[in-house]
Amino acid sequence: MELSPRAAELTSLLESRISNFYTNFQVDEIGRVVSVGDGIARVYGLNEIQAGEMVEFASGVKGIALNLENENVGIVVFGSDTAIKEGDLVKRTGSIVDVPAGKAMLGRVVDGLGVPIDGRGALSDHERRRVEVKAPGIIERKSVHEPMQTGLKAVDSLVPIGRGQRELIIGDRQTGKTAIAIDTILNQKQLNSRATSESETLYCVYVAIGQKRSTVAQLVQILSEANALEYSILVAATASDPAPLQFLAPYSGCAMGEYFRDNGMHALIIYDDLSKQAVAYRQMSLLLRRPPGREAFPGDVFYLHSRLLERAAKRSDQTGAGSLTALPVIETQAGDVSAYIPTNVIPITDGQICLETELFYRGIRPAINVGLSVSRVGSAAQLKTMKQVCGSSKLELAQYREVAALAQFGSDLDAATQALLNRGARLTEVPKQPQYAPLPIEKQILVIYAAVNGFCDRMPLDRISQYERAIPNSVKPELLQSFLEKGGLTNERKMEPDTFLKESALAFI
């Protein structure tokens, strides 16, 4: 049958319309909630989802896909799961979890997803970075060689830390772990004020995991009163936040710190503390029905911490020479450093500062056990003058502890042993320091030099702290400045501090 001219015209018109028909519909992959409870949602239908991808529930609550199974997807919920019901729609976002980063973050308090919680409005100009990225490779790294000063005599002299190092702070509750971390942040104030370029400034990121909100508020107040908030970022996943946010917060903080590392700047990140992160991860893993291992932790709990801490590094000159220094904190139970999480984190880090309850109650604060504390790479970054001054003090302290234990049983001691006990008691007194009072490195050198070279030997123990406070204030600024020179202390240079310390000591004997 032949088509009439009118019908042929219509057919060709329809054909051209159909061939030129384009749809611009946005296709969202959606699933439905099969079950929900304890912060975990099982979702059916998200077949193309990626591991670690963000999803959005119908109620507006977000979650992250952690378990990809044949039948369904295990999603951990960021927030309350009370608004999520069985049968609710779940939409893929198509993006892996990312957080804001950049200098706009300085002075702000944010949650585990980088959302401001300090009531100061939205963040200004910033970029976004993925929370989970691969750590720099071997070729991109360089040996640690620049000092990262904490302002604590016990740390900077005996367990020095370098920029790009990972130094673990480990101890029981209430032994001053957070105090060491906060003092380190406060100490950067005067160092940053002296910095002449971006490459000398050290920015700080403090990640609070599972702490009380009141504790975090107190910390914000301390930092703002000391004007230390201007170079710091606070990431807070408090005890009242869901476990997924406590698990994610360290990675979010690390991504913020990596912005500085990758742009040729220097940053310090404090994870306070990783024991609580491991507990949050254990809770999530057990609820996701992953098989438990030792102490009911999942099998990949080592990888949880290793992939986080490996991101702290000193970059090579070709990649910008930036650095990210990490101070992870681990809480022990009754001083047991052989528990699962402590034994996992100790081999990952480049050394540890061990704090003890007994020393704390004896008035030795910071309560650092010098025998157990070690810095594996920090000595390469230590100032030459400091290395010369405190080189023998660690050995003398070890000998003192050994002899002091024996001296309790007998009173007949020869002159050499008596001198060793006398010097050791003074060397134990010198590292004591009040909280929130970091000391510049040149003043530390002067005080330790006085103790190591016997200027305090004839002084009563209770007057040593007065002597320590007096000498840095009465010394010539030129003498203090000479300690910072790269050449170290030569015999000629020693004459001036020797004369000054000898005269100063007379008033305290």
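Here the Cβ of each residue, glycine as well, is placed from N, Cα and C on the backbone.
Annotated ATP binding site per Swiss-Prot: Gly171, Asp172, Arg173, Gln174, Thr175, Gly176, Lys177, Thr178, in sequence order, evidence recorded as similarity to another entry. For the recorded site, Thr178 (ATP binding site), the DSSP three-state label reads helix. Around Thr178 (ATP binding site), the same-chain residues at least 6 positions away in sequence with a Cβ under 8 Å from its Cβ are Leu219, Asp272, Val329.
When secondary structure is read from DSSP and collapsed to three states, Ser373 (site 'Required for activity') falls in the coil class. Residues or ranges marked as site 'Required for activity' by Swiss-Prot: Ser373.
Taking the mean position of the Cβ atoms of Gly171, Asp172, Arg173, Gln174, Thr175, Gly176, Lys177, Thr178 as the ATP site, the remaining same-chain residues with a Cβ inside 8 Å of that point are Glu331, Leu355, Thr357, Phe360, Ala367. Straight-line distance linking the Cα atoms of Thr175 (ATP binding site) and Ser373 (site 'Required for activity'), rounded to a whole number, equals 15 Å. Of all Cβ atoms in the shown protein chains, 20 besides its own fall within 10 Å of the Cβ of Gly176 (ATP binding site).
Closest to Ser373 (site 'Required for activity') in space, going by CA atoms and restricting to the binding-site residues Gly171, Asp172, Lys177, is Gly171.
Residue with the densest Cβ environment among the binding-site residues Arg173, Lys177: Lys177, by other Cβ atoms within 10 Å. Looking at Thr175, Ser373, the recorded positions in this record, the fewest other C-beta atoms within 10 angstroms of the C-beta turn up around Ser373. The binding-site residues under consideration are Gly171, Asp172, Gln174. Their Cβ neighbour counts within 10 Å are lowest for Gln174.
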